[in-house]
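Chemist: One structure, pasted below without further comment.
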Amino acid sequence: MSNATPKTMYEKLWQTHLVEEKAGETPLLYVDRHLIHEVTSPQAFANLRFHNRPVRHPERTIATMDHNISTRSIKIDAAGEGAANQLRALEKNCKEFGIQLFGMGHKNQGIAHVMGPELGLTLPGTIIVCGDSHTATHGAFGALAFGIGTSEVEHVFATQTLRQNKAKTMKIQVNGHVGAGISAKDIILAIIGKTGSAGATGYVVEYCGEAIEALSMEERMTVCNMSIEFGAKAGLIAPDQTTFDYVEGKEYAPKGEVFEQAVIDWKNLRSDADAIFDTVITLEAKDIKAQVTWGTNPGQVVSVDGSVPSPDNFSDPVEQESCKQALEYMDLKAGTKITDIQVNKVFIGSCTNSRIEDLRAAASIVQRYQGQKVVANVDAIIVPGSYRVKEQAEKEGLDKVFTDAGFEWRLPGCSMCLGMNDDVLGAGDRCASTSNRNFEGRQGRGSRTHLVSPEMAAAAAITGHFVDLNA
Ligand SMILES: CC(C)[C@H](C(=O)O)[C@@H](O)C(=O)O
Ligand code: SF4
């Protein structure tokens, strides 16, 4: 049976998890790991209770509290009563259905997509789902990981399986190496800038090429995290030695001989050399500069040494109109140099950029400004993605670097990434944000978001505007 049809990594993951495929029915896949949080699980639990069904494999589900929590206090009601009710419901549901919960102040608590990988809950070759669109993050390990809706959460609870149609495959190859100071966030924003914010709709995307292979696991997670932001069902990166070294020794990862055997299997996951993808996109890493979004979708992005475009720069009437509306909402004038855009808020955090390496990168920029502090009219917050990240950062003294420079050092959570807790921007606020979404009102009604890397956000905090750190 050698020389079978060459397969993509996605096809391999699909086949090893296919439970049943019948004509006229949506295929059924086995789910290895289910992550849940307070926002998208209550209705699923309520339905289980209504039908008197147990969770089939409670040990395969892990819960965390991330969206509705305050980053100022570990009190469960610190972000308001509505938020607290959802958090209490999660506590009660996990207890009743026998699910492990990393609740308020637990040493493992964190944003689901930060917590899973750092604990070794995220493993290559697995299918991981969560009622959350940024589940794509876990694809950085060569896991097929995607967000699901609440009714699917219920289905996974009850059966440990999920019905899914097969996606098309897209290969995104980034050749060569990026220049000094260019981050994973710049790579993914440049990709989305090229494809447009719906460019991968209906696809599972595999990122590859030298520039991707050179990334650390944290950086790979930043790339895969934003797969959903250009419509992809999931993002994948082939597991390699970087992956195995990261996973080894993590709390929930296999140990000893089991780990060694797993690595042998994981090495076979990569797409076969001659596998056929439905679409292939290529970028040259050396052309990628630091990126700043100017509009209200992540594809409305430009290099930091560029300027805000005018609707006339687009030939497509839809893009013209969307540029016009974005400029209005963002209160920007065409032709303004990106480095002349002033911000009054800075948010370093979210499941895109709140891992230890992100905080190190931001701190190194703060240090580069040698004693300069966050400029007077700017409020800047740093929100680690998990308690593990917070602890590590404090061990390294990063918190001190930030607080000495006038940043606020907060408790972990989704925070200002979305307006679901007490970290909300006001109307007219302009924020340099390391998160992943910049649509109208995302960080608070009437607020304006510029998506950037942690390095760019740190520089914006100190100077009050975007900076070409390579100039
Ligand atoms: C609340 C949740 C359902 C949502 C998502 O699915 O992405 C959130 O995490 C987000 O980033 O907007
Ligand atoms: S940090 Fe933002 S993008 Fe990530 S899960 Fe939380 S709300 Fe969603």
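From the backbone N, Cα and C atoms, a Cβ is placed for every residue, glycine too.
So TrEMBL has the following annotated:
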type: BINDING; residues: Cys351, Cys414, Cys417; note: [4Fe-4S] cluster binding site
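Each of the listed features needs to be described in terms of its position in the shown structure.
Modeler: In three-state terms derived from DSSP, Cys417 ([4Fe-4S] cluster binding site) belongs to a helical segment.
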Chemist: With an 8 Å cut-off on Cβ distance to the Cys351, Cys414, Cys417 Cβ center, who else from the chain surrounds the [4Fe-4S] cluster site?
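Modeler: Surrounding the site, in chain order, are Asp66, His67, Ile111, His134, Gly349, Ser350, Thr352, Ser354, Gly385, Gly413, Ser415, Leu418, Ser435, Asn436.
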Chemist: Measure from the Cβ of Cys417 ([4Fe-4S] cluster binding site) and count the other Cβ atoms within 10 Å, all protein chains considered.
Modeler: 29
Chemist: Using Cβ atoms only, which residues of the same chain lie under 8 Å from Cys414 ([4Fe-4S] cluster binding site) while being at least 6 residues apart in sequence?
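Modeler: When sequence neighbours closer than 6 are ignored, Cys414 ([4Fe-4S] cluster binding site) has Asp66, His67, Ile69, Ile111, Gly349, Ser350, Cys351, Met420, Asn421 within Cβ distance under 8 Å.
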Chemist: Where does Cys351 ([4Fe-4S] cluster binding site) sit by DSSP, helix, strand or coil?
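Modeler: Once the DSSP labels are grouped into three classes, Cys351 ([4Fe-4S] cluster binding site) ends up as coil.
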